[in-house]
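J.: Dumping the structure here so I can ask a few things about it.
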2 protein chains.
Amino acid sequence: MSQRITFTLAATDGRARTGTISTPRGEIRTPAFMPVGTAGTVKAMLPESVRATGADILLGNTYHLMLRPTAERIARLGGLHRFMNWERPILTDSGGFQVMSLASLRKMSEEGVTFSSHIDGSKHKLTPERSMEIQRLLGSDIVMAFDECPALPATEAEVAASMRLSMRWAQRSRDAFGDRPGHALFGIMQGGVTKDLRAESAEALNAIGFDGYAVGGLAVGEGQEAMFGVLDYAPGFLPEDRPRYLMGVGKPDDIVGAVERGIDMMDCVLPSRSGRTGQAWTRRGQVNIKNARHMDDPRPLDEHCSCPACRSYSRAYLHHVFRAGEMISGMLLTWHNLHYFQELMQGLREAIAAGRLAEFVRDFHAQRAEGDIEPI
Amino acid sequence: MSQRITFTLAATDGRARTGTISTPRGEIRTPAFMPVGTAGTVKAMLPESVRATGADILLGNTYHLMLRPTAERIARLGGLHRFMNWERPILTDSGGFQVMSLASLRKMSEEGVTFSSHIDGSKHKLTPERSMEIQRLLGSDIVMAFDECPALPATEAEVAASMRLSMRWAQRSRDAFGDRPGHALFGIMQGGVTKDLRAESAEALNAIGFDGYAVGGLAVGEGQEAMFGVLDYAPGFLPEDRPRYLMGVGKPDDIVGAVERGIDMMDCVLPSRSGRTGQAWTRRGQVNIKNARHMDDPRPLDEHCSCPACRSYSRAYLHHVFRAGEMISGMLLTWHNLHYFQELMQGLREAIAAGRLAEFVRDFHAQRAEGDIEPI
């Protein structure tokens, strides 16, 4: 795999972009939505089914995989792609965000973070160097720099200090990553909702130089308005010829707003997590399949959707299997949700390529405003 | 659907038989193993995946479906086949056995059984007439007569009284079923492990006349030896030109022994239930994927198996996802188990057709005696 990972912009429409990230493991059409395969599986899905929804790339979680089954074990077994039977590209996060949100007894220092596993309480340490090593052992195609994401609420001084630590860690990540043809390293911009800090962070990352850039520290509870406020300027601080990745986003309207503002890549557990709790996402908004109004409804979730759940099952069936606690409920709703998210991305890509994104976004909001179909 | 359901014997080998049950919804190759789709789903599987394992027919449970979502609702939605997206044949049990084993506050009378739902405690009544009505509403292709299966231990007098009640219910089931071209009604032989009672039960059923005959009241804790003892003579009491169905069986060696003794159809939750608890069935016996010896094992469950779990995943992966509580664990192990069971049935059918069943059975036991493969 000596081929370099490249990014080619095909078209822009306003600030929105569409293009292709080429990797030795296949192409990633942007804007791209990455389903999350936390512990080596996109929950409730077989990988061939995830691919069938249109996903070009998955996200794997360094924090979960380093604890179980461990990066060293995955490396001995031939890497994460073979382990989880997904031969296309994988992006791994750095573990930084999840150490903050999931691990207990965290201790931060300039060196890195020590913490206790949420599984068995065992002690672990993550540093920029160790994060790079783990992501190399996993065989990740797109590696994320190790960063800190401060918990909200935080003062501007705290956000600034945290961002500057992340920038020093970004340099250490870059140094530890080295030169690995066929693999990319992305830096992560921090700085909260403060424009000057975002600019300072971008400048630091640009000086180091990365294959792509993430906008970090958003979608952590600040709200859509504040997030869009940052996205109104932050992508513009980053080089045009590199992919821009918004981490942990999001709901369909978050995705549309982010793409309008120049974001190329996103990831979120939402479609799979919602699927397991009986929530479906459709063109007309969210549908709660638990609701008794679906009990006798012979119609599909969405009559225009071509996913297996909508092609072959009634709302009445989906309601029944959810209420009965049957696994097929999570399997079908997750499939539907991932299909809908990928269909949305395909629609966005085509609209940008055709220069009619504004019209696409207008229709997107109009359909949602209609709401779910009337009870029969 | 005016076509009659027919049974054609193609070959025999000793007492074992192979043939075809033809129905308007497709052919059932016998000996047949029927996966159980209790509540409108074979747990952890999509129906197209169940079909891909080689299943020609599924079993649905009257007891579960009458309580939730109710037979009337399924009928309004177009019947069980459309509801659960399985257009091939379905056999439904009568509800009798499960009322005995699952419902609380049962009250038996000559008329039928009243009981409380295990789901919400609501009161229900099952009679031969109501069981026939429910199975008609579900759209079942093969309907089972309503019977009582006495709980063990039971005295011979209790077994005899229960069997005679079941025979009176068999006549009422026959009367209530009427003439429904394209649908079959099976009678159920009872009589415990007492040959005279089995003979008396068979005589009563033969006098009524059914499209097929089940051997009931076995696989309820009497042990394999006692079960085989009954199967040494009971199938011989039944007409040769009708299918013989052994209810609730079983483990692979139970299946092989039953087929050797002239059984044509079986059903069991074992492959799907085992799959969800980390138990795999292979040519070499049972494998507990939870066991730590699989943690680093790059080999598949069975190198000769062509199921998706064996084709694309290591034991190490299956171990990891089971330990992590991931749904893909139950999905892959259930698929493997159903595949193995159907492959076993295919092997039995081919061996009987070729007149080499004894050799097949010898190999079957020899492979199991070798045990699971050695740790690497």
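Each Cβ is built from the backbone N, Cα and C atoms, and glycine gets one as well.
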J.: Need one residue: from A:HIS183, A:HIS294, A:HIS336, A:HIS365, the one TrEMBL lists with A:CYS305, A:CYS307, A:CYS310 for Zn(2+).
T.: A:HIS336
J.: Since TrEMBL lists A:ASP93, A:SER94, A:GLY95, A:GLY96, A:PHE97, A:ASP147, A:GLY217 for substrate, which candidate among A:GLN171, A:GLN190, A:GLN224 does it give for that site as well?
T.: A:GLN190
J.: Between the candidate ranges A:122-128, A:248-254, A:297-303, where does TrEMBL place the region 'RNA binding' annotation?
T.: A:248-254
J.: So among A:ASP267, A:CYS305, A:CYS307, A:CYS310, A:HIS336, all listed as recorded positions, which is physically nearest to A:GLY96 (substrate binding site)? Use the C-alpha atoms.
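T.: Result: the closest of the recorded positions to A:GLY96 (substrate binding site) is A:ASP267.
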J.: I'd like to confirm something. Which of the recorded positions, A:ASP267, A:CYS307, A:CYS310, A:HIS336, has a Cα closest to the Cα of A:PHE97 (substrate binding site)?
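T.: Smallest Cα separation from A:PHE97 (substrate binding site) among A:ASP267, A:CYS307, A:CYS310, A:HIS336: A:ASP267.
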J.: Quick one: which residues besides A:ASP93, A:SER94, A:GLY95, A:GLY96, A:PHE97, A:ASP147, A:GLN190, A:GLY217 have a Cβ within 8 Å of the substrate site's Cβ centroid, in sequence order?
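T.: Filtered neighbour residues, in order: A:MET100, A:MET144, A:ALA145, A:PHE146, A:GLU148, A:CYS149, A:SER166, A:ILE188, A:GLY216, A:MET247.
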J.: Taking Cβ atoms only, which of the recorded positions A:GLY95, A:ASP267, A:CYS310 fall under 8 Å from chain B?
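T.: Filtering A:GLY95, A:ASP267, A:CYS310 for a Cβ under 8 Å from chain B leaves none.
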J.: Just to verify: the residue among A:CYS305, A:CYS307 with the fewest other Cβ atoms within 10 Å, which of the binding-site residues is it?
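T.: A:CYS305, out of the binding-site residues A:CYS305, A:CYS307, has the fewest neighbouring Cβ atoms within 10 Å.
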J.: To the nearest whole angstrom, what is the C-alpha distance linking A:CYS307 (Zn(2+) binding site) and A:GLN190 (substrate binding site)?
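T.: Their Cα atoms are separated by 37 Å.
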J.: Using DSSP, would you call A:HIS336 (Zn(2+) binding site) helix, strand or coil?
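T.: DSSP call for A:HIS336 (Zn(2+) binding site): helix.
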J.: Just to confirm: which same-chain residues, 6+ apart in sequence, have a Cβ under 8 Å from the Cβ of A:ASP267 (active site, nucleophile)?
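T.: Looking at Cβ-Cβ distances below 8 Å from A:ASP267 (active site, nucleophile), excluding near sequence neighbours, one finds A:PHE33, A:MET34, A:PRO35, A:VAL36, A:LEU59, A:LEU91, A:TYR245, A:MET247, A:GLY248, A:VAL249.
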J.: Measure from the CA atom of A:ASP93 (active site, proton acceptor) to the CA atom of A:ASP147 (substrate binding site) and give the result in Å, rounded to a whole number.
T.: 10
J.: Identify, in sequence order, the residues in the chain of A:GLY217 (substrate binding site) that are 6 or more apart from it along the sequence and have a CB within less than 8 Å of its CB; answer 'none' if there are none.
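T.: A:GLY217 (substrate binding site) has long-range Cβ partners A:CYS149, A:PRO150, A:VAL159, A:MET189, A:GLN190, A:GLY191, A:GLY192.
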